[in-house]
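Features reported for this protein in TrEMBL:
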type     : residues : note
COMPBIAS : 217-236  : compositional bias 'Basic and acidic residues'
COMPBIAS : 268-277  : compositional bias 'Polar residues'
DOMAIN   : 37-502   : domain 'Major facilitator superfamily (MFS) profile'
REGION   : 216-280  : region 'Disordered'
TRANSMEM : 33-55    : transmembrane segment
TRANSMEM : 75-95    : transmembrane segment
TRANSMEM : 102-120  : transmembrane segment
TRANSMEM : 126-148  : transmembrane segment
TRANSMEM : 321-343  : transmembrane segment
TRANSMEM : 358-376  : transmembrane segment
TRANSMEM : 388-408  : transmembrane segment
TRANSMEM : 414-435  : transmembrane segment
TRANSMEM : 447-466  : transmembrane segment
TRANSMEM : 478-496  : transmembrane segment
Amino acid sequence: MYASREDIGYDFGDDSKVGSKPIKPNPNIDGGWAWMIVFSSFLVHILIMGSQMALGILNMEWLEEFNQSRGLTAWVSSLSMGITLIVGPFIGLFISMCGCRMTAIIGGILNALGWILSAYASNVHYLFLTFGVTAGIGSGMVYLPAVVMVGQYFQKRRALAQGLSTTGTGFGAFLMTALLKYLCTEFGWRNAMFIQGAISLNLCVCGALMRPLSPKDLSEKSPVRSDSEENQEKALSHSTETIKSNEVLSEEPEKKEEATNEEVLESVQHTETGGNSRSRRNMHGLRILKTVSQLTLTVRKGFALWYSSYFGAASLFTNRVFVAFIIWALFAYSSFVIPFIHLPEIVKQYNLSSQDNIFPLTSIIAIVHIFGKVILGIISDLPCISTWNVFLMANFTLVTCILTLPLMQTYVGLAVVCALIGFSSGYFSLMPVVTEDLVGTKNLANAYGIIICANGISALFGPPFAGWIYDITQKYDFSFYIAGLLYMVGIIFLLIQPCIQKKQPRQKSTEEAQV
């Protein structure tokens with residue numbers, strides 16, 4: 001089925017040709033190669049996020065090998081996990097200049113290099129640099145493009161696609177834990193890291209599968225919304241429209257400059273080809289000059305887009321709902337990580353170790369978390385359901401579970417609460433969808449980079465903060481209560497800002513009418 005230019009809803013400035021040539025939608029949007037992108041992102045989550053959740057196996061080997069304190073040794077895995085997310089804004093710069101495919105391939109090489117160099121570690125501080133920093137940055141360079149590409153390739157089933165791809169984290173936690181345990185037992189931890197580095201080179205293959213869409217396909221990709229989402233979209237779109245209008249104005253000088261440089265290069269090339277035989281010797285230099293000029297223009301354009309997203313007139317921070325989203329992200333991720341850290345101690349405190357050994361509570365969270373991502377994605381893609389509302393309901397459920405978990409003193413009660421935590425935390429698959437709704441597809445890389453950076457800060461400092469609370473109070477209860485209350489503050493910001501945004505377009509229109 002073909003869609004005319006009028007159906008797409010864009011004014012091309014040539015009314016005489018409207019309808020003369022129908023535009024065929026890209027078959028890879030919501031189908032075709034889009035599912036290869038989901039598969040690639042799924043593998044990325046297995047190799048990166050799954051490996052990071054299995055670092056407890058290596059942590060025990062490092063403790064035995066280097067005889068350092070638990071706190072110092074734990075910083076190796078904390079740095080790797082934190083840096084993977086914190087470098088998000090800077091990875092957005094690479095994506096703007098090089099694209100998702102090249103960024104992911106370079107990241108795959110860097111991640112593998114970090115694993116391999118860590119096999120020769122002589123102390124924990126060496127691991128800080130090789131595994132924490134090098135492998136962490138490489139992981140971030142692959143993780144962000146994997147999420148962004150799924151958002152670019154899907155329109156109608158974005159939530160389901162993100163849910164399917166991010167289930168790789170849960171599968172990876174089981175697969176990589178078993179793999180690293182086997183490798184450490186059979187070959188030792190050093191050879192295990194070397195082998196894992198070789199396996200991580202498959203991230204380059206995943207990056208190669210991230211075939212970029214043309215700018216035309218991205219411009220034609222407009223979100224399809226149900227009637228129930230239209231009112232919510234009006235509350236979220238005012239700042240987004242301002243960002244887009246400012247981007248259009250900032251792009252015009254860049255396009256003119258690019259066109260001017262192309263004309264100069266083509267005229268020089270025409271002159272050289274029309275000259276004498278000496279001009280042929282200069283053709284090679286001319287091609288190099290043209291390539292360097294095009295590369296310079298690409299880098300400048302990518303940096304300008306990245307800079308304007310953060311500091312220019314089209315800054316993402318002019319969107320108040322997006323700023324509230326960042327504040328929420330600062331508190332949200334630690335509330336999910338803290339149960340994984342403190343649950344074993346709570347089980348021991350309540351004398352439930354025998355039951356927990358049969359079916360660990362953390363495994364219940366991990367298993368249900370996989371199904372939660374897929375089910376919440378399917379629900380969000382229903383035509384009568386708002387993704388924003390599903391996202392908020394899942395957050396309310398999770399914060400309620402965090403606050404009530406310390407009150408459960410039986411294994412059955414803890415198991416039920418942990419299952420709810422795993423299911424409601426499936427909203428992680430909706431985060432890229434909500435981000436894209438707030439800022440648009442073009443700004444998704446930079447915007448989501450900020451969100452995962454906030455999550456990285458939360459993951460890096462949340463667990464130590466919870467441990468500090470325990471040292472003061474000698475109780476784990478307060479760690480959950482404080483984390484839950486801070487999490488609730490972030491949710492309140494998400495609720496307040498859309499209500500404020502509803503009034504702003506009306507006030508602006510009234511002022512324009514008076515003028």
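Using the three backbone atoms N, Cα and C, a Cβ is placed for every residue, glycine included.
The list of residues near the transmembrane segment (126-148) in space but at least 6 beyond its ends in sequence, with Cβ under 8 angstroms from a Cβ of it, reads 40-41, 44-45, 48-49, 52, 62, 75-88, 91-92, 94-95, 100-101, 103-104, 106-115, 117-118, 162, 165, 203, 206-207, 210, 432, 444-445, 448-449, 452. Within its own chain, the transmembrane segment (358-376) has Cβ neighbours under 8 Å at 159-160, 162-164, 166-167, 169-171, 173-174, 339-340, 343-344, 347, 390, 394, 414-415, 418-419, 421-430, counting only residues six or more beyond its boundaries. Here the domain 'Major facilitator superfamily (MFS) profile' (37-502) has a mean pLDDT of 78 out of 100.
Away from its own ends, the transmembrane segment (75-95) comes close to residues 48, 52, 55-56, 58-59, 62, 103, 106-107, 124, 127-128, 131-133, 135-137, 139-141, 143-145, 148, 302-303, 306, 309-310, 445-446, 448-453, 455-457, 459-460, 463 of its chain (Cβ-Cβ under 8 Å, at least six residues beyond either end).
In this chain, the transmembrane segment (414-435) does not touch the transmembrane segment (478-496); fewer than three CB pairs sit within less than 8 A of each other, excluding pairs fewer than 6 residues apart. Listed by sequence, the residues of this chain that lie at least six past the ends of the transmembrane segment (388-408) yet keep a Cβ under 8 A from its Cβ atoms are 229, 232, 236, 328, 332, 335-336, 338-339, 346, 376, 379-380, 414, 416-418, 420-421, 423-427, 430-431, 434, 437, 476-477, 480-481, 483-485, 487-488, 491, 494-495.
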